[in-house]
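Listed features, source TrEMBL:
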DOMAIN    9-120  domain 'XLF-like N-terminal'
DOMAIN    123-171  domain 'XLF-like coiled-coil region'
Amino acid sequence: LESSLLTKPWASVCFGESAFLAKVCFRDTGYILLISDVSSVWYESADAEAVGQRSKELNKRLTVHVSSFLHHLCDLMSPLLAGQSDTTTSFSCHRTAGGLSLHVKSTLSGLPFYWKFHCCPAPVEMVSRHLVRPLIRMSLALQYQVQELTSLLFQKDAEIEDYRENGATLSRDRLRTEPFQEEMFQQNFMAEVRSSAS
């Protein structure tokens with residue numbers, strides 16, 4: 001399950017005023033959920049037996065096979081992770097001293113349906129595997145991309161300057177650009193990042 005979770009993308013979700021990143025993987029044999037507010041990371045991994053036991057506790061009037069139950073839970077979570085609203089399903093999130101619980105309210109076969117994800121703090125290795133390492137890899141890829149684009153801009157500026165020196169003129173003055181100033185660009189970019197973060 002956790003290997004399959006690695007291939008799942010993070011999704012931005014909101015519960016009330018709180019924003020989180022989440023990813024989840026469902027199988028007939030159980031599920032694994034990973035959720036983070038960027039300061040902390042929580043997870044829950046439940047096999048079919050645990051899901052069956054909890055479903056009996058929360059939904060005494062429902063008699064559904066565990067695999068069907070897991071498929072229904074997956075169907076309820078998918079719109080949330082896709083950023084789509086579903087008026088028939090409500091989610092709420094509660095922080096506890098030992099972790100975080102996510103409550104789901106919906107219907108199944110015309111009857112009320114309830115579920116609670118009981119998440120505990122994720123182990124350091126799991127946080128590293130699912131969050132830290134991918135972020136570092138992405139950061140390095142973006143740095144390389146910026147370097148390539150900066151090099152391309154300098155080449156374009158040199159090309160434009162060569163045209164000017166050989167008498168070329170612009171047909172439309174509004175297309176005129178100033179030579180790229182890397183240091184100024186970096187300063188402006190960091191100022192924008194700081195202002196958006198505050």
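The backbone N, Cα and C atoms fix where each Cβ goes, glycine too.
On the 0 to 100 pLDDT scale, the domain 'XLF-like coiled-coil region' (123-171) averages 91 in the predicted structure. Mapped onto DSSP helix, strand and coil, the domain 'XLF-like N-terminal' (9-120) counts 27 helix, 56 strand, 29 coil.
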